[in-house]
Amino acid sequence: MSEFHVRAVAEGEQRACLEVLEQALHAKPISDEDWAKMAPSWPAAGKFAAFDDHDTPVGISSSFDIELTVPGGRKLVTAAVDGVAVRADWTRRGILTTMMSAQLEDFAARGVPLAALHASEGVIYGRYGYGAATFDRGVFVERPRAQVRDGVGRDGVVRFVTPAEAVERVPALYNRFEGTRPGFAARPAQWWPGFFDRLVTGDGGYRVAIHSGPDGDDGFVVYQTIDTRDRTAPERGAILEIRELHAGTPEAWAGLWRFLLSVDLVSGVAGRGRPLDEPIAALLTDPRAVNTTEIIDELWVRLVDVLTALRARTYGTAEPVVLEVLDKQLPDNNGRYLVGPGGVERTTAEAELRLDVAELASLYFGQGFFRDLVVAGRIEVLDEGAVDRADALFHTARAAWCGTFF
Ligand SMILES: CC(C)(COP(=O)(O)OP(=O)(O)OC[C@H]1O[C@@H](n2cnc3c(N)ncnc32)[C@H](O)[C@@H]1OP(=O)(O)O)[C@@H](O)C(=O)NCCC(=O)NCCS
């Protein structure tokens, strides 16, 4: 059997590595035209690949640095893991495990405190210390049943822009939204060509509309329509599918929804990957026009530097708790941490709760509860009173949401 070796990707090897990813994800081979759009978002830097005896890539693990807003509003440098795959004829021989180790050691050596990814399956990344930390929702809003309440979302103007205008205007617009929602991603220049420009200038029929309020442009939506009409059901309209909807003000958000729900010959507006707490039902005269079609994990997060990550976020009001963290891949993280509203320190005090770094990661963005993981046997309790304290400290009222695909 041939052997593999894992090393950093060299300049000129990126396209072959992208082919490995596309094939593993069952996507079409990438055309020259598509590669030209994708290349700026797929540099050699930040990539580790597995190669066979002939130096042909058979596995890829890619990342680039972004900033994520953590609970409390601070931004933390985060390695956004944007492509992980092993060629089907090389799977289950430890390639992913070897690539993940190389990548985690690189993040730690560079002082990157967090890593995040979108997982294709729920069973892959826990073993590497990642936990499902933010969640999103699929919605289907029925038309014509959905009517936006009077007096909201009427003050602004929505206009279509061409793909070229969208490429020029939307990045600067998005960068102004830097809100306080935990999970928000500042999108670096590298992100836009492969993830946004390629989408809106491609042949998927995506339309971009921008909302303007009293202070200028303040929101945008990217959507496509899927025509489901036929002669046997003439009343059935198209489905309008939102790909992205971001707004800088509540009025811009309501104005964009008002616009989407006004498009003729549409029987429903569908959105995947929306925030759990997006108040669409509250916006409508009939809240039952909104259906939740799924709730699913969004970002899987890895605390690469536990102390730095814990210190970056804020905490609710409760007495401090002593957590003992176990980390097989990055043993520098092993140890006890005193976590409270006044700050976070390493401590020699007795542990009250003992948990793996993956469990801590899943609670880091303020979603989920220590109590639930205790019930599921995933947190060891050494002091029962610590469970409620830990929940009071970590849980946040606002739902963490990223809303940026990578
Ligand atoms: C997921 C994928 C990267 C795994 O690569 P791999 O090289 O086969 O993984 P490894 O051999 O290092 O496996 C490590 C462990 O994870 C398990 N594992 C890996 N992928 C798994 C999967 N999809 N389902 C269940 N278990 C999986 C292995 O069984 C192994 O377990 P063990 O340590 O108990 O023996 C590969 O199957 C793949 O490319 N799949 C299609 C694309 C994809 O889903 N990519 C991820 C995008 S987020």
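Numbers here mean position along the shown chain, with the first residue as 1.
Cβ coordinates come from backbone N, Cα and C, glycine included.
Since the structure is predicted, the reported quantities are computational estimates derived from the model, not experimental observations.
Annotated features, as they stand in TrEMBL:
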- Tyr125: active site, proton donor (ACT_SITE)
- Phe406: active site, proton acceptor (ACT_SITE)
- Val84, Ala85, Val86, Arg92, Arg93, Gly94, Ile95, Leu96, Thr97, Ser120, Glu121: acetyl-CoA binding site (BINDING)
- 4-147: domain 'N-acetyltransferase' (DOMAIN)
Cβ packing number for Val86 (acetyl-CoA binding site), 10 Å threshold: 22
Collapsed DSSP category at Ile95 (acetyl-CoA binding site): helix
Spatially closest candidate among Val84, Val86, Arg93, Ile95, Glu121, the listed binding-site residues, to the residue listed as 'active site, proton acceptor' (Cα to Cα): Val84
Helix, strand and coil counts within the domain 'N-acetyltransferase' (4-147) (DSSP): 43 helix, 48 strand, 53 coil
Greatest inter-residue Cα distance in Å for the acetyl-CoA-binding set Val84, Ala85, Val86, Arg92, Arg93, Gly94, Ile95, Leu96, Thr97, Ser120, Glu121: 19
Those residues of the chain, 6+ apart, with a Cβ under 8 Å from that of Arg93 (acetyl-CoA binding site): Phe4
Listed recorded positions with Cβ under 6 Å from ligand 1, out of Val84, Ile95, Thr97, Glu121, Tyr125: Val84, Ile95, Thr97, Glu121
Thr97 (acetyl-CoA binding site): tally of other CB atoms within 10 A of its CB: 13
